[in-house]
Amino acid sequence: MEQYLQLCEHVLQNGSPKSDRTGTGTISVFGYQMRFDLEKGFPIVTTKKLHMRSIIHELLWFLKGDTNIRYLQENGVRIWNEWADENGDLGPVYGKQWRSWEGANGKTVDQITEVVEQIKTNPNSRRLIVNAWNVAEIEEMALAPCHCLFQFYVNDGKLSCQLYQRSADIFLGVPFNISSYALLTMMMAQVCGLKPGEFIHTFGDAHLYNNHIEQTKLQLTRKPKQLPTMHINPEVTDLFAFTYDDFELKHYDPYPHIKAEVSV
């Protein structure tokens, strides 16, 4: 995936040293965009192996509106363990905001259900937006939303999605985010009777942690391989009816995994 490697190169060459919340330190740029044509293969990094199982289960977990890691742990996914409390709770993170945003008037809004309905009935709307950045509840979240707002766009029978990510851990987080939102776009397109268009990934603070620099340089020595394809069970027409077994990533032949520590 050349787009991702170009991002890595850009930050290594142009990034500025910055301190950060975790105390690890980063090199960072502000403002960057990548585009992926979903008809040209499923966008997943091939220059290191990713755990697609974790990506799928995390996305299904978001869509359930769940904010406890029990479901993830039961399915062998550990990516949220460091932030959960002793009961496995994370506070009102992504799933809560996507499915049951609480407004100041006390009304609860299911943003995902509403945006699906709007895509079907009013596809030219410029309000096809889901927002996870609920200012009133940020302090209650174990981790403030990094990928915080996404918007859909319908044109020529195709559904595209643009994500705004305020904070992007380029080595560990971004590869997951690319594949997760690409998959969400494909799922949304299917249930809305559309074809997948583009996934556009826009960043605010895009950074490499100081303890990921050598791993990133190693990855840049590897030549990207052909993108795999994602098969989605065509019989599923309800976004919330998808299960793990409805997805099959075909012809994924990545280089070996590269270990790196997560900054908490």
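The backbone N, Cα and C atoms fix where each Cβ goes, and this holds for glycine too.
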Given that Swiss-Prot annotates HIS51, SER263 as binding (6R)-5,10-methylene-5,6,7,8-tetrahydrofolate, state which candidate in ASP156, ASP169 belongs to that site as well.
-> ASP169
Of the candidates ARG21, ARG35, which does Swiss-Prot annotate as part of the dUMP site that also includes ARG126, ARG127, ARG166, SER167, ALA168, ASP169, ASN177, HIS207, LEU208, TYR209?
-> ARG21
Cβ-Cβ distance under 8 Å to SER263 ((6R)-5,10-methylene-5,6,7,8-tetrahydrofolate binding site), same chain, at least six residues away = ASP20, THR22, THR24, ASP169, TYR209, ASN211
For the binding-site residues HIS51, HIS207, work out the Cβ neighbour count at 10 Å and name the residue with the minimum.
-> HIS51
Tell me whether TYR209 (dUMP binding site) sits in a helix, a strand or coil according to DSSP.
-> strand
